[in-house]
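Taking it in order: structure first as structure tokens, then the write-up.
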Amino acid sequence: MKKIIMTGGGTAGHVTPNLALVPELKKLGYEIKYIGSIEGIERKIIEKEGIEYFPISSGKLRRYFDLKNFSDPFKVLKGVFQAKKIIKREKPDIVFSKGGFVTVPVVIAAHLNKIPVIAHESDITPGLANKLATPYCTRVCVTFPESVKHIKGDKAVLTGTPIRRELLEGNKLEGIKLCGFKDNKPILLIIGGSLGSKIINEIVRKNLDNILSKFNIIHICGKSNLDENLENRKGYAQFEYVNEELPDLMKASDLVISRAGANVIYELLALKKPNLLIPLSKKSSRGDQILNAASFEKSGYSLVLKEEELEDKTLIKKLNYLYENRNVYINNMSKSKMDNGVKNITELIKKYTK
């Protein structure tokens, strides 16, 4: 039996694409193992899938000054030795890396063990982890056509992003039942990313009366961000984080407000959900979400509201515009030729398996 080690972590966006590949890889006869961080979000998600998980030391990679920049390289080095030992023992035929700081030691360790590595970059420009890992990769899968020029060494392959099959098979009635909605108002789903978004949470709750006059709200607000005062608010259902329930909640929604991570926006495209994107600003990111959002806005798939322009009036104005023009966005998304990347990526994995 062929064996693959997968890696990726830090946020759900570095894990869920791996899960999308798992059923197809199993169908192709691969035994799957996973290397991730000790305390990252990926550990709980992967172990829940029944996949053997190997935790390693990992240091966060930062583009800004921090005292931990002096200690974290030693954590990365420790992670390389740990990953090298795991890879030597497990003898995988190939490694698949989805990005995130934990992947750098794994990719380097695979290279040292002469194991081929396929990486995947979701955003238009590569994150720091994938930039550092690219020299040790065999091929780098990309999601946007614009990304090819940003990958060094002629290693880029345009594959699209992998989307979990179950996400496309949600049940609308189950989603509505889960939220306890009793009327027929259109449903607005708000997603702030797996860690939540303080600024989106605050402005939505500040304008709750206004929004609830037109919509029922599903609010995925992130860990420790539930508001106890709103627990029994009619038409408002809040969740810290959802996994199995997400397909049903997505199916139930008519509009979506979201950050602009590549994974989630491609999921919205696949589901043809009219969406308002609020990308992370350059103050708190490297600007990748701004580029992602601009690409989708240009294609007519999304309406965009910059974080710097996020105010009560602009939010309500954009939301009303999106609802009034929802069919235009649905029609534009219906014309998209973007494929689910599962088949393209698994074919590449097959090709480079030792």
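Backbone N, Cα and C define each Cβ position, glycine as well.
As recorded in Swiss-Prot:
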type	residues	note
BINDING	T11, A12, G13, R164, S194, Q289	UDP-N-acetyl-alpha-D-glucosamine binding site
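Residue environment of A12 (UDP-N-acetyl-alpha-D-glucosamine binding site) contains 20 other Cβ atoms, counted within 10 Å of its Cβ in all protein chains. Using a 10 Å Cβ-Cβ cutoff, G13 (UDP-N-acetyl-alpha-D-glucosamine binding site) registers 24 neighbours. Neighbour density at the Cβ, taken as the number of other Cβ atoms within 10 Å, is lowest among the binding-site residues T11, Q289 for T11. Under the three-state DSSP scheme, A12 (UDP-N-acetyl-alpha-D-glucosamine binding site) falls in the helix class.
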